[in-house]
């Protein structure tokens, strides 16, 4: 084919050279055409190169997830950790003792046994503490109270409680009197739901706290602040334990409206300046920060000293939006007491949360060590500092908004933290520069450039519509043919075939349709100009369309960044990296100052360089969020029959389709000059068929010995 094209061009060049008059200009033009054909003749990519790149990217995403979230520290024994270190082996012994009690909900004899165990362990810590450290242990009983929350899972409800018992431990430097005036609160709950022994929720956190208290008791003589450990009960009944400790229940709303300070119930609670809540919505893995603030001081301190930092602003955005139907004690400390701090949670194996399978055998080795080492370093750092972050109740809404922390970790080794005020400046700068580049480009290109942008964006829109359409259609039909509405809960990898394959097929279909429409427009445009012979024109159009589709992907992320910046969404940093890095790569390898330069095939280096940073920063958290959503499907229907059977599938399918539409937009622009379309289509259909067959045949059961339906 290339030979035939070159022969035709050579003929055209020969005619031009014999025509006389403006022969030199025509000769120059024909030389350009010959160079163009040579370029076009080499524009086709091997389908193998595109597929290899796709699999390399997929493998890289998996490897990043494994390293960021599954790479655990080595558990230490008491001898290895030393008197001042954190030992997972010691913490694990506490978890084991608590789970051996069995389920211990509020009001049960088993809960009394668990409380006695914690109380005894705290008394032992008191006896073995450093001689310059005071350890005070209190068994705190609450007669009654009422909990009124204005947001979250319990919004608008009044939760009445009575006869709650908590174990409270305060650790102070013996000869620093001012330490009694300011304290850090570390809180978790002993009680469980009635169906489970609660190895994850929340015996794992209680075990970590007991070992932390032992470690802090060996260091506290050098601190300037006290550290309070609250082992509360009543959390599973509506966050009542935290509420009964931190606030006076009588006339809370009246005192708020009169601008009076809310009275504290426990005498130590009035000294609390920062609250740290330890939770579990699963069992094991890395305990990650999913709520921070309102003041950013706590997360900034944590990021500066944590050995294995883990936390993502996007998790906070989703949790506070109500997408994840759950609540933690941190809400009470922040909303009712006006405190700032951090909220940690274990979220691996989310499907076992509040089920009989929340058991000790599933607790991943290294999980307790990860949280314990991070927390010990953090508590010692904050306890030794001279200042606490300001009480958020004294700040205006505007100040709170501007000071909100945006944070994310990179491979679990380094945490980036900056404030919303800086984010506003950064985002506005990038948005203005991007818009300036686009306006300049469109002004130089005129109406054809504007039409090209519109049509390439239409291709992106088709990508979304078809990707969502194909995957959501499967989500609707799946409950009709399978034995369970969510047949993939015990085997989350099934969603790759059930929803991921249709989403990729839909994305490819949508972009191919947009590509054909765009190609038709460009052919008509160039034919009117009559610049090149028909064959050359057709090939040049393909090259130009490829470039516009790549740039449309960048424009998509620009729109998302503008929206995220306008609504002050913390996770807008993801749109920033997916915009800037590919745009920089395009500018470095592809852009030219000459508007008349003929298009060339996009370089693979552009894609590799452009996607390296976004994948590094976002791949792990995208997979982690997907796994958390899948695990949460076992309790989506808290009121059986209250939600349609297909709803959970639609949530997962829409998440996967949206994720692929967002992240594959650059890679798909490369597929049109390769022969990979047929291979992708066949592979997607085969993967979907095999996954569906595994579900229908029962080879992969919806539930297993370790994954069962939730009670609540």
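Yeah, the Cβs are placed from backbone N, Cα and C, and that goes for glycine too.
The domain 'Peptidase M28' annotation in TrEMBL covers 174-378. Mean model confidence of the domain 'Peptidase M28' (174-378) amounts to 91 (pLDDT, 0 to 100 scale).
Sequence annotations record features per position, and here TrEMBL assigns region 'Disordered' to 1-31.
Annotated transmembrane segment per TrEMBL: 48-67 (among others), in sequence order.
The transmembrane segment feature in TrEMBL is assigned to 435-455 (among others). Using a Cβ-Cβ cut-off under 8 Å and counting only residues 6 or more beyond its ends in the same chain, the transmembrane segment (435-455) has close neighbours at 514, 517-518, 521-522, 525, 544, 548, 551-552, 555, 558, 595.
Residues annotated as transmembrane segment in TrEMBL: 462-481 (among others).
Sequence annotations record features per position, and here TrEMBL assigns transmembrane segment to 493-518 (among others). Long-range neighbours of the transmembrane segment (493-518) within the same chain, counting only residues 6 or more positions beyond its ends whose Cβ lies under 8 Å from a Cβ of the stretch, are 452, 455-456, 458-471, 473-475, 478, 487, 545, 548-549, 626, 630, 649, 652-653, 656-657, 660-661, 664, 668-669, 671-672, 677, 680-681, 683-685, 687-688, 690-692, 694-695, 700.
For 604-626 (among others), the entry in TrEMBL reads transmembrane segment.
The transmembrane segment feature in TrEMBL is assigned to 646-668 (among others).
As annotated by TrEMBL, transmembrane segment applies to 680-700 (among others). Remote same-chain residues near the transmembrane segment (680-700) are listed as 51, 474, 478, 481-483, 487-488, 490-491, 494, 496-498, 500-502, 504-505, 508, 671 (criterion: CB distance under 8 Å, separation of at least six residues from the stretch ends).
Within its own chain, the transmembrane segment (646-668) is flanked in space by residues 53-54, 57, 460, 463-464, 467-468, 470-472, 474-476, 478-479, 485-486, 495, 499-500, 503-504, 506-508, 511, 549-550, 552-553, 556-557, 560, 578, 582, 607, 610-611, 614, 618, 622, 625-626, 629-630, 633, 636-637, which lie at least six positions past its ends and keep a Cβ under 8 Å from the stretch.
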